[in-house]
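S.K.: One structure follows; several queries about it will come next.
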Amino acid sequence: MPSLFSRAVRRLETKEYRTSRALEHNQWLDNVDLRPVPVRDRTFGWQDYFWFWISANATPASFYGVNAALAAGLSVWEALAVQLGGQIMIATVFCFNGRAGAVYHIPYPSIARAAFGVWGAYWPVVNRVVMTLVWTGVNAVQGGQCAYVMLHSIFPSIARIPDVFPAGLSALNSGGMIGFMFFWVITTSLLHIKIPKLKPYMYTKLIVFFACAIALLAWAVAKAGGIGPVARQGSTVSGSTKSWIVARYVFIYCANGATYATNAADFLRYAKKPKDAFWPQLIGYPLSTFIVGLIGNLIVSSSVIIFGELVWNPVDLLDQFLTTSYTSGTRAGVFFISLGFLISSVISSIFENSIPAGNDLAALWPRFITVRRGFYIAAVISYAMCPWYILGSASSFVSWLASYQIFLSSITGVLLCQYFVVSRGLFHIPDLYTSSSNGAYYYSKGWNYRAYIAYIVGIAPNFYGFLGVFGVHVTTPATRMYYFAYPMGLVLSFCSYWALNVFDPPKQYEALGSWREPKDYVADGDVEDGRTIIEGVEAGSRNKGAAEEKGMRVSENDEASA
């Protein structure tokens, strides 16, 4: 009779693991959430992806980054220009790094195994998990602020609760923590909704956010005396100081999207067709950040004229409206705008943070963690990490953005080289989920030393500047070199990984052979409209030869039907 402990372990195992009698050595590598998305769940077309990115950036948290450049002394239009430049750069990386996910419909953790090895991929996944949890917390704090302002418009006493947080260090006061818990409970309660069924929420959020953002913009500009005084405000820096601020923020805004670029496959794996996952990202992502940034910058710039100081968080600006004029009209306006921001923050947190966090956490221990369980684990950890201290000021938030880019850029460089140069677009999907020494991605005991050397090469030149973010004294040249950390790390890791594969090629290296990417990968046994599909070739078709040329397996049954 099994012991109490073994019964408890059995209960914690995923349903699939219990019923499939999975081999013990695969408990760390395989579950249904890590495999290719079934055809029936590939529901995102190019229009969906375009509007997804417009919706994804339609959140109060998107105001933070662009307003940081404004706080550094740039004008409204200069801040928008540097943001747009950085976002175009990272959107390009996003499109190419997400290609494998769009073709094979697998998540980032599975793709990382192709480059780092089936066991070596754990470190890149952990890197990505950390940043995902930070962003989950950031969105929760912003959502909590929205909830607090909404509650403040109803209950004036919430603003009089004694503050227990250190002054100047926390983005939340005691009343704000009530709002944070309010937001956290609502978001967590919605995590049971299946991902393919979230599309209607995406469009709802889009409409609600822009209606509220435009309403707040009109309100703020009216209080400031019109758009003219707001738009004409110049920068407060000049000369070489200004040039270096521009350079810094261009690449900070590039690094701002590094988390998306690294795990692009987690979003693009749901594409109906691979072609649906390129142009919508390249255009939609920069366009959406520009539109939201324009609205946010004009709102924040208005605060200088209204209150004589820069209120860099538009939600705080709403609260100041209440503080200075607690009338019924102000309360009603603040309530509806903050409610809209709250709704958009909840949906944004699920789409942009919970989904990638669930994918990444499921990869850490597939035997026990599904994507759904990963959602809830991320929710708990994002609360425990006290994210309200990260958002205590614009500079501290920017420091977070700047600090982690050196790790993610090096991972991304390796992944790009693996797919486009080493693998030439072909992944042996079954080998991504096995620890067999015969697997293509087993390398040396499951670790690919080439990927790790390239990863370190990408990090090394930037590590000195990285220490400066955390208070270590570094020279001015090192600090300025660190501004370029993201492109430098990506290029160095890409080139060094390529060189290592040339000098010591693994067995699947093609030495820049022909491009071998399938048109669209469909796993054996997957069914679409009653037809069995095998690895990109419809059963019953006469494309067997073409499939074999691409390295695809065609079963005997399918060969007979052909």
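Placement of Cβ uses the backbone N, Cα and C atoms for every residue, glycine included.
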S.K.: I'm validating the feature mapping. Which of 68-89, 134-155, 332-353 is tagged transmembrane segment in TrEMBL?
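M.R.: TrEMBL lists transmembrane segment for residues 332-353.
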S.K.: Using Cβ atoms and a strict cutoff of less than 8 Å, what residues sit near the transmembrane segment (481-500) while being 6 or more residues removed from its termini?
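M.R.: Distal contacts: 89, 93, 115, 244, 247-248, 251-252, 254-255, 258, 402, 405-406, 409-414, 416-418, 421-422, 450-451, 453-455, 457-459, 461-462, 464-466, 468-469, 474.
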S.K.: Mind pulling out the one from 171-191, 242-261, 282-312, 374-391, 452-475 with the most Cβ pairs under 8 angstroms to the transmembrane segment (203-222)?
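M.R.: So the stretch in question is 282-312.
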